[in-house]
Amino acid sequence: MRCRAGPARCGVRGRRRDSCCSSRVPLQTAREPAAPRRVGPPPVRDAPTRSSAPPAPPRRTRVREALRGPGVAGGGAPRCAGADAAALPAAEAAELRERLRGVKHIVVVLSGKGGVGKSTFSALLAHGLAADESKQVALLDIDICGPSIPKMMGLEGEQVHQSGSGWSPVYVEENLGVMSVGFLLSSPDDAVIWRGPKKNGLIKQFLRDVDWGEVDYLIVDTPPGTSDEHLSIVQYLSASNIDGAVIITTPQEVSLQDVRKEINFCHKVKLPIIGVVENMSGFVCPNCKKESQIFPPTTGGAEKMCQNLNVSLLGKVPLDPQIGKSCDKGQSFLSEVPESPATSSYRNIIQRVQEYCDQHHFQEEKII
C-alpha cells in the first residue's frame with residue numbers, strides 16, 4: 001500500500017522521514033480563540049426611568065438600521081463588518097507570513113451558491129497544475145461543515161499525522177498535497193457543528209501548523225457565500241502572496257445574482273479577482289461527444305455580467321456526465337477523459353490562471 005504521508009515524509013526530495021510514524025491529529029486539537037477576559041468590576045450604568053426612556057423603534061426599523069451603513073439616515077449601503085475589522089496583531093501576522101514564506105502563489109476559489117462546481121474546479125485546478133512535475137501544488141479545503149475534497153481526490157479514510165515540523169498534508173501524488181477537516185473526522189458522515197470562532201481557529205491552524213514546505217501553488221477551496229470563513233482566510237492571507245480569487249458560477253440568473261455579491265465582497269475586502277468561470281454552460285453528449293446548449297435562455301449570462309462589471313471571464317465549461325463519475329471515484333477527470341470538450345475548457349482556464357499568477361508575481365518583483 002502506498003504511503004499517504006507523502007514523498008516529502010518518506011525521504012523523497014531530502015525532507016523528513018519521521019512523520020510516517022508520528023501521531024495522528026484528531027479533530028479535538030482545533031482550538032477556539034479565547035474570549036477576552038474582563039478585568040475589574042463591570043461598569044455601572046444608570047438605567048433610564050420609564051418616563052425618560054425613549055420608545056423603542058419598531059422591529060422592522062431596527063433591522064433596517066442594523067443593515068444600513070454609516071451616513072445619512074435612510075441611505076447608505078449594507079455594512080461589511082469584516083472589511084472594516086481590525087487587522088491581525090503584528091505578531092500573529094508575522095507568524096503566518098513566516099509559515100507561508102515558501103508558498104509562491106495563492107489562489108482562492110469562491111462561489112455565490114453551492115452546487116455550481118466550485119470544489120470540482122478546485123480539485124481539477126490542483127490536478128492540472130500538478131501535471132507539471134516540476135511544480136509543487138497544495139490544496140487546502142476550508143469548507144469546514146461540508147468537506148468534499150477528500151472524496152474528490154480519492155483520499156477518503158486517510159488521516160493527518162503530526163511531527164516535529166507540524167501537521168503533514170496527505171499526498172495524492174509526489175507533488176500534490178491536500179489538507180481538509182475531512183481527514184480529522186472519524187467518519188465521513190460525521191457532522192461538524194461549529195460556530196464561527198471555532199471554524200476560524202481551525203483555518204488559522206491549517207495555515208500556521210501545517211508543514212506546507214516549498215509550494216508553487218496553494219489552492220484554497222472555500223464554502224459558498226461570504227461568511228466567516230471567507231473573511232478569515234482573506235485576513236489571514238493579507239500579509240502573504242495571495243494572487244486573487246476565481247469565482248465559479250452557472251449561466252442562470254439566480255446564480256449570477258449571488259456572483260455579483262461575491263464580486264462586491266472581493267472589492268470590499270480588496271481581494272483581486274482573477275476571473276469568473278461559467279460551469280454547465282452546455283452539455284456534452286456521452287455518445288457522440290458533441291456539445292449542445294441545454295439552457296438557451298441563459299446561455300452567455302456570465303459573459304454579459306463580466307462585461308458589465310469589468311471582470312475577466314476565464315472560460316466556459318460544458319456539463320459532462322463523466323465529471324461527476326470521476327469525482328465520485330476520486331479520479332482526475334482531466335486524465336481520465338482527455339478527449340472531452342470539458343477537459344479542453346478546463347485546460348485553457350488553468351493556463352489562464354497560471355499566466356495571471358506569473359504576471360502578478362512579476363509585477364510584485366518589479367515593485368520590490
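Every residue gets a Cβ built from N, Cα and C, even glycine.
Unlike curated records, TrEMBL annotations are generated automatically.
Taken verbatim from TrEMBL:
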- Gly112, Lys113, Gly114, Gly115, Val116, Gly117, Lys118, Ser119: ATP binding site (BINDING)
- Cys285, Cys288: [4Fe-4S] cluster binding site (BINDING)
- 1-11: compositional bias 'Low complexity' (COMPBIAS)
- 20-38: compositional bias 'Low complexity' (COMPBIAS)
- 1-62: region 'Disordered' (REGION)
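With respect to their backbone Cα atoms, Val116 (ATP binding site) and Cys285 ([4Fe-4S] cluster binding site) stand 20 Å from each other.
DSSP assigns Lys118 (ATP binding site) to a helical segment in the three-state reduction. Following the DSSP three-state reduction, the secondary structure of Lys113 (ATP binding site) is coil. For the pair Cys285 ([4Fe-4S] cluster binding site) and Ser119 (ATP binding site), the C-alpha distance works out to 23 angstrom. Taking the centre of the Cβ atoms of Gly112, Lys113, Gly114, Gly115, Val116, Gly117, Lys118, Ser119 as the ATP site, the nearby residues of that chain (Cβ within 8 Å, site residues left out) are Ser111, Pro224, Ile248. Most buried of the binding-site residues Gly112, Gly115, Gly117, judged by other Cβ atoms within 10 Å, is Gly112. Within 10 Å of its Cβ, the residue among the binding-site residues Lys113, Lys118 with the fewest other Cβ atoms is Lys113. Within the set of binding-site residues (Val116, Cys285, Cys288), the lowest number of other Cβ atoms found within 10 Å of a Cβ is recorded at Cys288.
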